[in-house]
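Chemist: My questions will all concern the structure given below.
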């Protein structure tokens, strides 16, 4: 492990310390390493050809204009990416779905974009993790 020195303005340092405390990091170095890993993972996931895993979560109105069937159709069109899906009924109108995905990160991003762009889908979020060699 290498020791490096960085310079941060006061506001950014205060924000880092606040984040570190909220997340329970023992020191700034652990927080910065985690933030850097996240940024590098996100960067890696934007390239076609990179293999990895992802979690796609979203809330949708299940009775909105055949939305449920459109989402299922999209899932079947990308069946090779899907590892598992969890479906939760939030209330009478809304459902939460969480899909675990595996494959080419460009294809995963395309699938997530297709789902999240559907009218009636809210709070869509894709968390990607590149496959470690």
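Here the Cβ of each residue, glycine as well, is placed from N, Cα and C on the backbone.
Annotated Ni(2+) binding site per Swiss-Prot: 76, 87, 89, 95, in sequence order, evidence recorded as sequence analysis.
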Chemist: Using DSSP, would you call residue 87 (Ni(2+) binding site) helix, strand or coil?
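Modeler: Assignment for residue 87 (Ni(2+) binding site) reads strand.
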Chemist: Which residues in the same chain, at least 6 apart in sequence, have a Cβ under 8 Å from the Cβ of residue 87 (Ni(2+) binding site)?
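Modeler: Residue 87 (Ni(2+) binding site) has long-range Cβ partners 95, 96, 97.
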Chemist: Once the chains shown are all counted, how many other Cβ atoms turn up within 10 Å of the Cβ of residue 95 (Ni(2+) binding site)?
Modeler: 18
Chemist: Using Cβ-Cβ distances, find the residues under 8 Å from residue 89 (Ni(2+) binding site) that belong to the same chain and are at least 6 apart in sequence, listing them in sequence order.
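Modeler: Those within reach of residue 89 (Ni(2+) binding site), by Cβ under 8 Å and sequence separation of 6 or more, are 95.
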Chemist: Around residue 76 (Ni(2+) binding site), which residues of its chain at least 6 apart sit with Cβ under 8 Å of its Cβ?
Modeler: none
